[in-house]
Amino acid sequence: MSDAQPTGSTVSETGTARVKRGMAEMLKGGVIMDVVTPEQAKIAEDAGAVAVMALERVPADIRAQGGVARMSDPDLIDGIISAVSIPVMAKARIGHFVEARVLQSLGVDYIDESEVLTPADYANHIDKWAFTVPFVCGATNLGEALRRINEGAAMIRSKGEAGTGDVSNATTHMRRIRAELRKLSALPEDELYVAAKELQAPYELVKEVAATGKLPVVLFTAGGIATPADAAMMMQLGAEGVFVGSGIFKSGDPAKRAEAIVKATTFHDDPDVLAKVSRGLGEAMVGINVDDVPEPHRLAERGW
Amino acid sequence: MPKGPTTRPVIGVLALQGDVREHAAMLERAGARAMPVRRERELSEVDGLVLPGGESTTMSRLLESFELLEPLRARLAQGMPAFGSCAGMILLARQALDGRQDQHQLDAIDMVVRRNAFGRQVDSFESDLDVTGVDGGPLHAVFIRAPWVEKTGDDVEVIARVPHTQEPPAAADRIVAVRQGTVLATAFHPELTGDERVHRLFVGIVQEA
């Protein structure tokens, strides 16, 4: 059989916007699960997770224990990286570019610049263009999403209220982002300048989004998702995939729930499948109503 | 069903997880009608199938859970044309190294692939390649936590390799695209670059099958 000749002197490039954003495209339709041990990471991989988020504490525990929440111990992240073959993500504090450098050197596949940790800078987020590793950032509205993309985020997740098991904030923010996208794409071109001002986002990016009607990066959802039906609803509301934090390993039967949420995400529009996978999952995480969380303790409001 | 050369073939995209929409868009541009495939009934309606990029472990698991694995194996055995990119290439292989023991292989191409062979995400790269059967100059290829092909059987045609200059030296000249009969596989993602030449090649294979 014939054999292709290798090409000569082409330069190959790492860390481009295309490979960063492309990585998120590969996660679409999938579930990314918070894990705190290599054993949990294996359960997540067994269940069909597309990636795991390596953490010391899930958001529900961060919320319960209080104090300053920081990047995880590199030993813990290394342990999780060696336990699974799927991508491993890890969280850095908002604005903490040194934590991000450390995570990049550990070889994590994606960094979440996350409001679940205590912010390190109340004015600036990390300059994400300066990294080879891609970043995902949270957003409660379109302007916030575009500001993060302008700083180099290669993936956006709509924020919910992490660690509550209450999906209401996730729905609010996903609906808001979708509504703002629809509104923007209906505007005449000469109104985009003011739209950019109001969104506090760069005009060029606003113009691009207005033309395509979608973000230039993948949009996932996160925060408060605890059941297969929650995940399916978020997919129907326009999420391209789901992060599940405390919802799995704070429940009665994590392996079964994890697998059910994976199936529900793929078959989000099929009520028969959803009914089938929702049976006999044991206790869901107990949960807190977002309204009962005092405002200073609401994580979704961090980031700007 | 007899088809003239002008008939648009119906090509499915396995839609369990991954970059399904990108493949569907490229197939449409390359002259096919694309449809998502998640169920056995949908599989029976297509003339060919694309297995997209994504996580091969997740797709393998869902293929089994939703009873699509055996029907898919059966259709491939009957000669249905298929094209897999990245995770899709891994699924089509006879054997995958550095994978999970319980991962299912469709064994549609007699090859051994190594998962994440080029490294982790920080090692993901883009590069220009010549692909046999794709005219019009080098193709810009995007590799994301990509596999490479370690071994091929006699019936497998190697249609692309990474450049000799690829770093690290262990990666140089590795096989990244193959064809066996009507089954095509690439370690890179032709669906991400807006260049539909690989999809045209596949649509042509489906039309001739």
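Keep in mind that glycine also has a Cβ here, set from the backbone N, Cα and C atoms.
A TrEMBL annotation is a machine prediction, not a hand-curated record.
What TrEMBL says about this protein:
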| type | residues | note |
| --- | --- | --- |
| ACT_SITE | A:Lys91 | active site, schiff-base intermediate with D-ribose 5-phosphate |
| BINDING | A:Asp34, A:Gly163, A:Gly224, A:Gly245, A:Ser246 | D-ribose 5-phosphate binding site |
| BINDING | A:Arg175 | D-glyceraldehyde 3-phosphate binding site |
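Separating the Cα atoms of A:Lys91 (active site, schiff-base intermediate with D-ribose 5-phosphate) and A:Gly245 (D-ribose 5-phosphate binding site) is a whole-number distance of 12 Å. In the three-state DSSP assignment, the secondary structure recorded for A:Ser246 (D-ribose 5-phosphate binding site) is helix. Across the fold, the C-alpha of A:Gly224 (D-ribose 5-phosphate binding site) and the C-alpha of the residue listed as 'D-glyceraldehyde 3-phosphate binding site' stand 15 Å from each other. When the recorded positions A:Lys91, A:Arg175, A:Gly224, A:Gly245 are compared by the number of other C-beta atoms lying within 10 angstroms of their own C-beta, A:Arg175 comes out lowest.
Recorded residues A:Arg175 (D-glyceraldehyde 3-phosphate binding site) and A:Gly245 (D-ribose 5-phosphate binding site) have their alpha carbons 21 Å apart, per Cα-Cα distance.
In this structure, A:Arg175 (D-glyceraldehyde 3-phosphate binding site) is part of a helix by DSSP. Same-chain residues that are not part of A:Asp34, A:Gly163, A:Gly224, A:Gly245, A:Ser246 yet have a Cβ within 8 Å of the Cβ center of the D-ribose 5-phosphate site turn out to be A:Val58, A:Pro59, A:Ala60, A:Val116, A:Ala162, A:Thr164, A:Gly165, A:Gly223, A:Ile225, A:Val244, A:Gly247, A:Lys250, A:Met285.
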